[in-house]
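Q: Below you will find the structure I want to go over with you.
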Ligand SMILES: NC(=O)C1=CN([C@@H]2O[C@H](COP(=O)(O)OP(=O)(O)OC[C@H]3O[C@@H](n4cnc5c(N)ncnc54)[C@H](OP(=O)(O)O)[C@@H]3O)[C@@H](O)[C@H]2O)[C@@H](O)CC1
Ligand SMILES: [K+]
């Protein structure tokens with residue numbers, strides 16, 4: 001990975017790391033109120049784009065600095081000619097620091113939400129009449145589920161059916177995990193500061209944020225060197241430096257040779273989907289290794305993908321004695337059980353870049369440590385690509401939010417773990433992780449995972465390092481899904497991949 005990535009827009013900061021960025025900036029001579037001014041002004045600019053002239057805007061301000069941003073926005077929007085109603089969750093006497101300063105600078109009338117589990121009918125009515133509600137209740141400082149008047153207010157916002165702009169995070173969403181224990185605001189848009197947070201990308205946080213914009217509030221990227229971020233947004237900026245650009249003087253043998261092990265006659269399609277995707281992803285050659293009974297059906301369906309009869313684990317070892325097969329994928333449609341475990345062991349002993357998917361994962365629930373030992377002994381990258389169900393079977397004791405689970409699993413297994421879903425997390429054993437957000441919902445269809453495993457193998461075959469190959473594959477898979485569009489089936493993905501790669505290469509002049 002390019003070391004400059006830690007300064008890039010791909011960086012995600014936990015609320016703690018964001019606090020560190022804040023403190024480093026303040027100790028570097030920028031007063032906190034200046035950061036808050038810029039934050040509040042950015043919120044006001046975003047709000048102005050969401051409403052007509054002279055709009056009615058209700059601003060809900062919490063007891064901390066998130067509320068402080070709301071006071072600044074209130075002042076700016078009033079100056080711009082909007083009618084602004086300000087509601088404090090707690091009496092202004094409880095404010096301190098920059099939030100108090102922002103409140104004083106605002107100098108506008110306000111009300112305080114009365115204590116209790118409900119809110120006044122008049123406030124509910126006002127929210128329902130607003131052109132926009134600005135949610136400045138809680139941001140990075142939320143440290144427990146909402147309750148009492150805060151919870152009542154959030155429910156009233158969601159009931160109002162009005163457009164909502166969230167400051168930093170929709171109140172109730174945990175910035176580190178995206179969790180919303182209890183309840184959270186459902187926003188149409190969110191303005192955050194300096195860098196995105198994991199909670200903007202992990203569900204349910206992502207869906208509660210609406211569209212997210214990142215405002216520059218004067219924190220310099222240089223502070224990131226001290227913070228040492230390790231979690232990233234899976235965007236091309238993260239891995240373009242490792243994108244496999246074909247050598248103009250090269251040939252197909254210099255672009256790698258992936259071998260995909262296929263299943264019995266009744267389940268051959270999955271491995272063919274994988275093999276086709278590996279070829280599309282740029283592997284110079286792809287061989288489908290087929291059991292004898294499935295040769296005929298595979299032969300009927302393959303053209304550019306080559307076919308080889310491989311009757312069992314011993315034949316696999318013989319095949320892989322040829323070092324030109326530099327990457328192996330096993331799992332899609334392979335079958336679950338002892339034979340699969342033996343095959344995976346035979347493959348991992350050959351020390352090739354390896355993708356283990358589907359049945360190759362499901363065969364190991366009671367033999368997980370055996371698998372991790374084999375992975376540990378293989379110096380080449382190994383990718384595990386479980387969905388939640390496969391993950392739970394392989395790592396039954398690992399709990400927590402998706403980011404934590406994927407990172408623990410990667411550390412334990414020694415593999416790059418791709419924990420799949422609408423917010424796929426890719427985690428490396430060295431602690432790096434990336435969160436993906438470009439997959440359309442219609443990508444959740446039979447065979448889609450086989451294609452993803454194939455793209456991963458195709459990139460590994462070209463020598464892309466494990467973490468970057470997984471990140472590229474997940475991103476391309478999402479782009480291919482968007483390209484294929486609603487109604488897609490897995491067969492559509494390999495052709496759509498061509499357009500997705502073309503767009504990436506054109507945009508970046510990546511060759
Ligand atoms: N960092 C930066 O660079 C910049 C940050 N900025 C802004 O600051 C925000 C972070 O501010 P923050 O740290 O003051 O936290 P914030 O979200 O206002 O909440 C803390 C307050 O809520 C309370 N509380 C917590 N949970 C609760 C619950 N469930 N139910 C009830 N109460 C609860 C907690 O009180 P407690 O009761 O725990 O004492 C405390 O009073 C950040 O999101 C961004 O908008 C910008 O100005 C620009 C620069
Ligand atoms: K908020």
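Just so it is clear, glycine is given a Cβ too, placed from its N, Cα and C backbone atoms.
Any TrEMBL annotation is an automated prediction that lacks curation.
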Q: Considering the AMP binding residues 420, 421, 422, 423, 424 given in TrEMBL, which of 389, 449, 454 is annotated for that site as well?
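A: TrEMBL names 449 for this AMP site.
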Q: Given that TrEMBL assigns 66, 135 to the K(+) site, pick the one from 92, 122, 160, 171 that the record assigns to that site as well.
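A: Checking 92, 122, 160, 171 against TrEMBL: the K(+) site match is 171.
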Q: List the same-chain residues at least 6 positions away in sequence whose Cβ sits under 8 Å from the Cβ of residue 168 ((6S)-NADPHX binding site), in sequence order, or say none.
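A: Those within reach of residue 168 ((6S)-NADPHX binding site), by Cβ under 8 Å and sequence separation of 6 or more, are 39, 66, 69, 139, 140, 175, 190, 191, 192, 193.
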Q: Please check each of the binding-site residues 66, 387, 422, 423, 424 and report the ones with a CB atom less than 6 Å from an atom of ligand 1, ordered along the sequence.
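A: Near ligand 1, sequence order: 66.
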Q: Please check each of the binding-site residues 68, 135, 143, 171, 423 and report the ones with a CB atom less than 6 Å from an atom of ligand 2, ordered along the sequence.
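A: The qualifying binding-site residues are 135, 171.
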Q: Just checking the binding-site residues 68, 143, 387: which sit within 10 A of residue 421 (AMP binding site), CA to CA?
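A: Those close enough are 387.
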Q: Sort out the sequence-distant neighbours of residue 424 (AMP binding site) for me: same chain, 6+ apart, CB within less than 8 Å of its CB, listed by position.
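A: Those within reach of residue 424 (AMP binding site), by Cβ under 8 Å and sequence separation of 6 or more, are 234, 418, 435, 436, 439, 474.
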